[in-house]
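Over in TrEMBL, the protein carries these features:
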- 78-230: domain 'Rhamnogalacturonase A/B/Epimerase-like pectate lyase' (DOMAIN)
- 318-485: domain 'Right handed beta helix' (DOMAIN)
- 574-593: repeat 'Cell wall-binding' (REPEAT)
- 613-632: repeat 'Cell wall-binding' (REPEAT)
- 633-652: repeat 'Cell wall-binding' (REPEAT)
- 653-672: repeat 'Cell wall-binding' (REPEAT)
- 673-692: repeat 'Cell wall-binding' (REPEAT)
Amino acid sequence: MEKYIYNETSSIRRLKIGTCLFLLAFSLVGTHLVLAEEVNPNAKLVTEEKISSTMEAIQPVNGKILSNTEISQFAKDFINVKEFGAVGDGITDDQEAIQKAIDAATKGLGGGKLYFPEGTYLVKKIIQLKSNIDIRLDDKATILNGINFKDRPSIVFMTGPFINGGDKIFWEPTENISFSGGTIDMNGVLNEEGSKPKNLPLINSSGGFAIGNSTNVTIRNVTFKDSFQGHAIQIAGSKNVLVDQSRFLGQALPKTIKDNAMITKESIQIEPMTRKGFPYALNETGVKSENVTIQNSYFGKSEKSGELVTGIGTHYQAITTQNPSNIKILNNHFDNMIYAGIRFTGFTNILIKGNRFDKKNKEESVIYRENGAALVNAFSYKNDKDILDLNKKVDITENEFNISDNNTIAIRVAKDNAEYLGKVTDIAVTKNIIKNTSEDSKQPNIELLRISNNLTVSDNQIFGGDKGIIIEDSTGQIMVLNNRFYNLKSDFISFIKSTENGKESVINDSIGDFNLVTENGVYKILKNTLSISNEKLGNSILDGLEKNEEINTYESKSIKNTVTNSNVVLDKVQVGWKQLEGKWYYFDTLGKIVKGWIQADNWYYLDKNGVMQTGWQYINDKWYYLNSSGAMETAWLLDDSKWYFFDETGAMSIGWVQVGKYWYYMNKSGEMLTGWQQVGSKWYYLNSLGELIINTITPDGYYVNDNGEWI
């Protein structure tokens, strides 16, 4: 028996050694595990655990471990920036050497591939990116911004040459640019007075990339840190741009900055090509940015600078510009943005999906905006002269919001002023989870203002806060379906209309489903998914109405109903076990049905539909037994006159098992055996209790040694 156990232990040790070699191979190339290169539509939200695993990481080439042969081939396929004179000591200006290396790579040397080994590469002039180049940085490589000129951009990389003595850029067409790994230090940490960057006192702002008039650009697994009131990445008039698995850390703001200037500081700006958007450029085509994806990335503060103002967006629109279109913002984590996670105007066809937004209160923040925040803010630019094509086809879905600040809105879509020209249309706010723990909330969780047509608000879950959903001065088709509310202090759903006397509630504090249209500012309420219960409207009782039958026209009435399977208010979140139609389900703290294993005094297993299981269950290639109460069995079990043993994880044991001081043997079906048993080439004797007897004579006269083996 000892030999048997020793062999098993050896096997485990070999596995562990293999794992160490696996990790060592990663260490040799300075890499960590790779997140998915493209977002799975069923992917979970980015979690803190995933983010922390990528905070300092660079991905290995092609996302795998390099063998010694591959490392040698890597050296042949890539040109090394140090071969062109770069030093990487953080003191020497390496800009000229880097530019020479880029110029050589873009002409085909090294297959267009350029590698930065470990080091800090100081650059005191802008580096021009060119077409057909693949730049990769070691995970310990940093490019340090040292560009310190008055009235000129302090941006490390740009896609275009400077002319007119270096004060203007003309964005020539560029394509096929890839940049991955390492850190871009924008060097914006403030001086002691908090007025300007300590190391770059002449600049107005600092950034990492300015991408203009470009096609097919990928930025992956890069850390951007400590910008000075600038954009880490600026995307203007470009298409097919991917930012993936990157980190945006810290934004330094001067103490004297005014609020109207601060709110324009997006870390990633997506805009048309205009001189107003980028005043150092000569291009003024107004051409849109399109097919831009930002995914799997983290936005938060750094050790030396405060939080970011806004993660992603833009703040300008004009009649001469095209709307940025086909924008996807997927599976990112926005950690305590000052103003917004995502804020944009004049976008068409934007998908905001699977992101996490956290907003802390003033006491927990380095920088705090007294005027409040909106974590997703689709606003409209001031346009009282020209009719603009405002935000349309906006899909905000499956995001998670965690709010502890009393002055923060989770989702806001608006035409900000009735006098502005243009329309906001085709808005969907669906399947979002909002957890608002602020003690004195002053804002609604969702605010939808002056939507012109096709507004859908459905399947959202809102926990806490003051008001649930406010829809104000919106027209056209409106559908508000299947939302759930928990522990709100005020109204659940409010429809508000502006009048000469101020704002007036059209429908207030309602919990039913609504399918509405508006004509001339008057809401027409269409019946939708009513239960067999009657709906109360004022003093009248309405029943027997068919779906979507027009009820009547009302301007100032209040609806209170008890519709089921619709927008539902629960005074208390259903947590724990609940029996429905004879089946047991378990609800988590969000009121959602749990699936898989759950520990609640004991371990239980719930199938793909959330139904608690009993009896024998085959789960992940192992057998388990769940008793009549659903609790997972461990230790001994007698079933159908046969004994089975389940280890501490609940998995059925097979082979040799030690329980206390005795050894037992279980066949492939898990049944405990007795009598003589051949295991491998050895014979053993197990008594009527299944115990292995050792160093004695068996009842039929045979001797077994200290290991229980028949000799």
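Cβ atoms here come from the backbone N, Cα and C positions, even for glycine.
When Cβ-Cβ distances below 8 Å are used as the criterion, the repeat 'Cell wall-binding' (673-692) is approached by residues 1, 643, 656, 662-667, 698, 702, 704, 708-710 of the same chain, each at least six residues removed from its ends.
For the repeat 'Cell wall-binding' (673-692), the DSSP-based tally of helix, strand and coil residues reads 0 helix, 11 strand, 9 coil. Outside the repeat 'Cell wall-binding' (613-632) by six or more residues, the chain places 584, 602-607, 639, 644, 646, 650-652, 670 with a CB less than 8 A from a CB of the stretch. Residue counts for the repeat 'Cell wall-binding' (613-632) under DSSP, split into helix (H, G, I), strand (E, B) and coil, are 0 helix, 11 strand, 9 coil.
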